[in-house]
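What TrEMBL records for Lys16, Asp147 is active site. Feature annotation from TrEMBL assigns domain 'GHMP kinase N-terminal' to 76-155. Sequence annotations record features per position, and here TrEMBL assigns ATP binding site to Pro105, Val106, Ala107, Gly108, Gly109, Leu110, Ala111, Gly112, Gly113, Ser114, Ala115. Under the heading domain 'GHMP kinase C-terminal', TrEMBL lists 217-291.
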Amino acid sequence: MSQQEARSVTVRAPAKINLFLGVGPVRPDGYHPLATVYQAIALYDDVTVTDDERWSVQLTGESRIDLAEVPADDTNIAIRAGRLLVEHHGLGERAARIEIHKGIPVAGGLAGGSADAAATLVALDRLWDLQTPDDELLELAGRLGSDVPFALLGGTAAGTGRGELVEPVADTGSWWWLVVENDEGLSTPAVYAAFDRLAHEIGDGTVADPIIPPALLAALAEGDVAGLAASVGNHLTDPALLLRPDLAHTFEDAEAAGALVALLSGSGPTVLLLCESMAHAHIVHREMVDKGHTRVSAVPAPVSGVHVVTSPW
Ligand code: ATP
């Protein structure tokens, strides 16, 4: 292999949380319309791409991550992202080896797969000097998955459509979250199916179109942590609790540990605890560990979207 072919690019991509996740009635194409506010948090996957004759994925990760849950074949969303970029630019048989180092829990409602897809798009774009315009990258990202465009953007953003239409929102806060991971993942489609079931069983089957709470946007703009605690929300909480009643204990423990508020992350099962400051996060962290929650991280937010970490140029 020549030196040119052995060049690599490494890109870092953040996990996302949903400060608000409003879910509307299921559409004819099977998707639910969303009104959401995303925030990028300081938990990352690193993706390294190197020219190769065929597509492959190699997985490594931090010790707490269950890599067995991540496919290492063509179904990995990073390979799907790579193939889509090749098709978009008409690059024929071009392929790459994709190494993913996971720091984002798998199937945790933190969009780790989406982060890898976004990172792969940006890494290959740089490796092959494609100079894909931002709007084209966002469009390709939206085709890969609802959460992929936000991973490109990072920061704090409103998401509409099925979450893929992203627009930055004003956020002056320096927020601290505790991320309480769970031993077992939760399937996103299963949680949405439970959402539809509950709408029929408890309500009359009709679901209102969701709206992002103005109070949430005001709290973000002002950096008001009490206001944020009072206005976060997630319409997937009841369906997730239906599938995983044990999560109720995490919410109870969070309250007893002094968190400002506890929030299900996306479709779960990760639970997020909002804290007043880094010092407060450390106190609540100790309490949660004492209560038996072993995988708890204190992370700041918001952070940048995907960014190049190392490249030979
Ligand atoms: P989502 O809401 O997008 O399902 P999530 O955070 O709950 O997000 P992910 O970690 O993105 O879940 O993984 C969802 C599923 O996608 C996994 O169970 C796994 O089978 C599959 N998957 C495909 N590629 C990847 C990848 N690169 N990293 C993680 N999971 C992947």
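Along the chain as shown, residues are numbered 1 onward.
Including glycine, each Cβ sits where the backbone N, Cα and C put it.
Of the chain residues outside the ATP site list Pro105, Val106, Ala107, Gly108, Gly109, Leu110, Ala111, Gly112, Gly113, Ser114, Ala115, Ala15, Ile104, Gly266 have their Cβ within 8 Å of the site's Cβ mean position.
The local packing around Asp147 (active site), expressed as other Cβ atoms within 10 Å of its Cβ over all shown chains, amounts to 29.
Checking the recorded positions Lys16, Pro105, Ala111, Ala115 against ligand 1, the ones with a C-beta less than 6 Å from an atom of that molecule are Ala111. Note on the domain 'GHMP kinase C-terminal' (217-291): its mean pLDDT in the predicted model is 97.
Taking CA atoms as the reference points, Ala107 (ATP binding site) and Asp147 (active site) are 13 Å apart. Across the domain 'GHMP kinase N-terminal' (76-155), DSSP helix (H, G, I), strand (E, B) and coil residues number 46 helix, 9 strand, 25 coil.
Around Ala115 (ATP binding site), the same-chain residues six or more apart in sequence whose CB sits under 8 Å from its CB are Ala13, Pro14, Ala15, Lys16, Tyr44, Asp45, Ile104, Ala151, Val306, listed in sequence order.
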